[in-house]
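Presented below is the structure to which this report refers.
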């Protein structure tokens, strides 16, 4: 499982600055679900070799009562989800009563907590940090989040202990799925090699994550799938967050369901309260090959559904959408829901949408057709010759635009990765291509390769001009000839 890091501290100590630096974005997934606070932010982070999830908790105010309230409502929940806590303080402002109260709480928890003194740029860092030792924390790091100073060393120290654990968990998952994790993925394939690799991948179990907001029917759908197949269920705990991996077989195809809601026994299917864990959901997305988002037709698509889809899209996962509780809706309501889905899901127009009833089983069987289609699309290997040929066909049908009097020239294309498919196109002035033409190329590849259910990423690389930045050095005879010509020009002017 991907490690989880929680940022805790009072307001204005730089938690959001560090969060934005780690996630490289200001557009985080905000938890706005029933039972969760509105100001906890979750983001994907990558620094060096480390991939992790970071949680930015809101600030904790200075009064003792406020600390108790805020910690109970928000920060303790984030700490409970986290593997390690970064307790941030302001090196310029110095030690405060709120810092002392937070430290007292952190000393009582049984999780690694590291003191991070921020804003030490331009000042004597050791002198500014000295008073914070009285908080009684075992470890202290000095950083300047705004400029990135010390952040890499901090993350290395925090996450290196989890590397061995992650390797062990990855080995367990590989044993379950019979999947090998090659050190370096092969990108260049002949057409024969591509076909052989495609067949190998189709023999591996598909890792399918069922995600969605609380009470949309995830547990009902999971039990419907398992009940229909009469599969013997066993649990393989991932971490303390207890995502459950459930091997199953359907239509001679093996799957591993990643269940974020927890498999309920039949007698407990009618539970109305379902605990929702953002971290568990994000980790399930990271682990999956295909993500199945369950939406409640009676509530329509929500901003939280869009956030989950956005996270899956950014992770490059294949996507299938199941609109649950479709039975019993009137014709007019169904038409309205379909229009809303068309309007709001334009950014994932490649995803198949199914209208189902998990309770009665209507439409559930067809979900797996789309899951297999999406997995095939994401894992199909395509040779350089095929990708280049499709690119030539696209440019013949619709030429690239002119840029400053010169037409953009696309030379060749090759694979840059799989799951999701990445296509690298080389050419001249390709950074000048407008977004509309990039979308045209992406859609052309999608149609030509019959790719459905997975995002496609196209990367452009400028072909280097070998003479750029070089001067043409003349030979001795050329220099003598140039002098004679210059002399002749001067004599004529006289």
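Using the three backbone atoms N, Cα and C, a Cβ is placed for every residue, glycine included.
Feature annotations, reproduced from Swiss-Prot:
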type    : residues                  : note
BINDING : 9-16, 56-60, 118-121      : GTP 1 binding site
BINDING : 212-219, 259-263, 324-327 : GTP 2 binding site
DOMAIN  : 3-166                     : domain 'EngA-type G 1'
DOMAIN  : 206-379                   : domain 'EngA-type G 2'
DOMAIN  : 380-464                   : domain 'KH-like'
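Shown here: features listed in Swiss-Prot, placed on the structure.
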| residue | record | contacts (Cβ under 8 Å, 6+ apart) |
| --- | --- | --- |
| 120 | GTP 1 binding site | 91, 128, 129, 142, 143, 144, 149, 150 |
| 212 | GTP 2 binding site | 218, 293, 294, 295, 305, 308 |
| 326 | GTP 2 binding site | 297, 334, 355, 356, 357, 362, 363 |
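Ranking the binding-site residues 12, 215, 260 by other CB atoms within 10 A of the CB puts 12 at the bottom. Computed over the domain 'EngA-type G 2' (206-379), the whole-number mean pLDDT of the model equals 81. Here the Cα atom of residue 9 (GTP 1 binding site) is found 29 Å from that of residue 260 (GTP 2 binding site).
Rounded to the nearest whole angstrom, the C-alpha distance between residue 57 (GTP 1 binding site) and residue 260 (GTP 2 binding site) is 22. Distance from the CA of residue 260 (GTP 2 binding site) to the CA of residue 12 (GTP 1 binding site) is 34 Å.
The 10 Å shell around the Cβ of residue 57 (GTP 1 binding site) contains 25 further Cβ atoms across the protein chains shown. Per DSSP, the domain 'KH-like' (380-464) is made up of 32 helix, 26 strand, 27 coil. Geometry remark: residue 260 (GTP 2 binding site) versus residue 15 (GTP 1 binding site), CA distance 28 Å. A distance of 32 Å separates the Cα atom of residue 215 (GTP 2 binding site) from that of residue 15 (GTP 1 binding site).
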